[in-house]
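Record features (Swiss-Prot):
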type	residues	note
BINDING	HIS14, HIS16, LYS97, ASP242	Zn(2+) 1 binding site
BINDING	HIS16, LEU17, ARG18, ASN42, HIS136, HIS246, ALA258	substrate binding site
BINDING	LYS97, HIS136, HIS170	Zn(2+) 2 binding site
MOD_RES	LYS97	N6-carboxylysine
ACT_SITE	ASP242	active site
Amino acid sequence: MPQTLQLTNPMDMHLHLREGEMLSAILPFSANPFSAAVVMPNLKTPITTTAQALAYKRQILSLCSTSFEPLMSIFLTPDLDKQELIRAKEAGIHILKLYPKGSTTGSEKGVKEMLCEKTLHIFEIAQELGFILSIHGESNGFCMEREYEFLPIFAHIAQHFPRLRIIIEHMSDRRSLELIEQYPNLYATLTLHHITMNLDDVLGGGINPHHFCKPMLKTKKDQQALLQAALNAHPKVSFGSDSAPHLESAKLNSKGAAGIFSAPILLPALAEVFAFHNALDCLQTFISNRAIANYKLKHFPIKTITLERVENPVPPYINTPLGHIIPLRAQTNLSWRIKEENR
């Protein structure tokens with residue numbers, strides 16, 4: 001087995017960077033090893049306009065000590081109009097993010113009726129202008145079936161808007177894999193946690209709130225199917241971490257926040273998984289090439305990340321001015337670490 005590994009232009013196609021002091025504290029974990037990342041718009045005040053997105057991008061870049069391209073997205077609301085979409089396109093923003101209302105953190109201003117006339121009209125304009133539609137696809141039903149119950153909506157949009165590129169974000173259900181095979185314009189992202197864990201890691205040995213996320217971790221069969229898609233670098237699947245930091249105090253209460261903070265360990269942990277399954281030769285394609293192709297990326301900083309096979313202890317917490325954040329794999333040892341970042 002190789003003792004070192006080079007990755008070129010890692011891409012994270014689903015990332016939560018938050019704002020204010022939290023943004024300042026966590027940004028380096030993503031900006032340093034990744035060339036670019038799709039930045040989620042679900043802030044306390046959602047990013048619903050081009051002006052807001054550009055201001056947020058400037059804030060992110062002002063805090064970067066390395067070359068990094070934030071790929072901004074617009075929070076889709078029923079009030080989004082063609083002029084705003086044109087402004088976004090002219091500013092280099094190509095991603096719309098659709099949240100079903102109340103489906104996850106910061107989605108209170110999301111869309112209530114997925115297929116109403118207003119929403120379909122926005123899809124039509126988005127198709128015309130060449131946008132990518134990224135969707136947190138969950139119903140309001142039983143928590144383990146929410147993604148599956150949303151699949152007919154994905155199918156409807158894919159059928160009626162065949163030139164609109166649609167992303168099933170943070171795919172968690174093996175039945176979603178079957179759907180992306182049916183429609184040429186339907187793609188997906190996969191997280192580290194959905195390919196390495198299942199519901200047993202949340203509830204099997206006592207409740208672990210640090211593994212609680214949306215969409216929920218599913219069954220062992222789901223995990224295995226998604227893992228194989230990653231290990232094989234499925235042509236329609238890109239890596240998207242959905243790294244979502246919450247303070248420890250927000251996770252450890254009676255209404256614990258949904259989200260897993262994986263940014264500090266992403267590349268070493270992925271190297272560990274792919275090495276264990278003798279698939280290191282597919283990691284470059286999964287972590288970068290698929291995103292560049294599926295999102296038609298043309299402008300991003302060139303980076304080479306060198307990893308080495310050596311014990312890498314994960315700290316018990318990440319300290320911020322606001323309090324502690326518990327990272328994924330806290331207080332365990334990874335078998336790979338980042339040795340060098342050429343940027």
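Using N, Cα and C of the backbone, Cβ positions are placed for all residues, glycine too.
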Spatial separation of ASP242 (Zn(2+) 1 binding site) from LEU17 (substrate binding site) - C-alpha basis, Å: 10
Return the member of ASN42, HIS136, HIS170, HIS246, ALA258 nearest to HIS16 (Zn(2+) 1 binding site) in space, with distance defined Cα to Cα and candidates limited to these binding-site residues. ASN42
Name the one residue among LYS97, HIS170, ASP242 whose Cα is closest in three-dimensional space to that of ARG18 (substrate binding site); these are the binding-site residues. ASP242
Identify, among the binding-site residues LEU17, ALA258, the residue whose Cβ has the fewest other Cβ atoms within 10 Å in this structure. ALA258
Distance check, please: Cα of ASN42 (substrate binding site) against Cα of HIS170 (Zn(2+) 2 binding site), rounded to an integer number of angstrom. 16
What other residues of this chain sit with their CB within 8 A of the center of the CB atoms of HIS14, HIS16, LYS97, ASP242, the recorded Zn(2+) 1 site? LEU15, VAL38, MET40, ASN42, HIS136, GLU169, HIS170, GLY240, SER241, ALA244
Rounded Cα distance, in Å, between ALA258 (substrate binding site) and ASP242 (Zn(2+) 1 binding site) is 11
Give the helix, strand or coil assignment DSSP yields for ARG18 (substrate binding site). coil
For HIS16 (Zn(2+) 1 binding site), what is the tally of other C-beta atoms lying within 10 angstroms of its C-beta? 25
Have a look at the binding-site residues (HIS14, ASN42, LYS97, ASP242) and report the one with the fewest Cβ neighbours inside 10 Å. ASN42
If we check Cα distances from HIS170 (Zn(2+) 2 binding site), which of the binding-site residues HIS14, LYS97, HIS246 wins as closest? HIS14
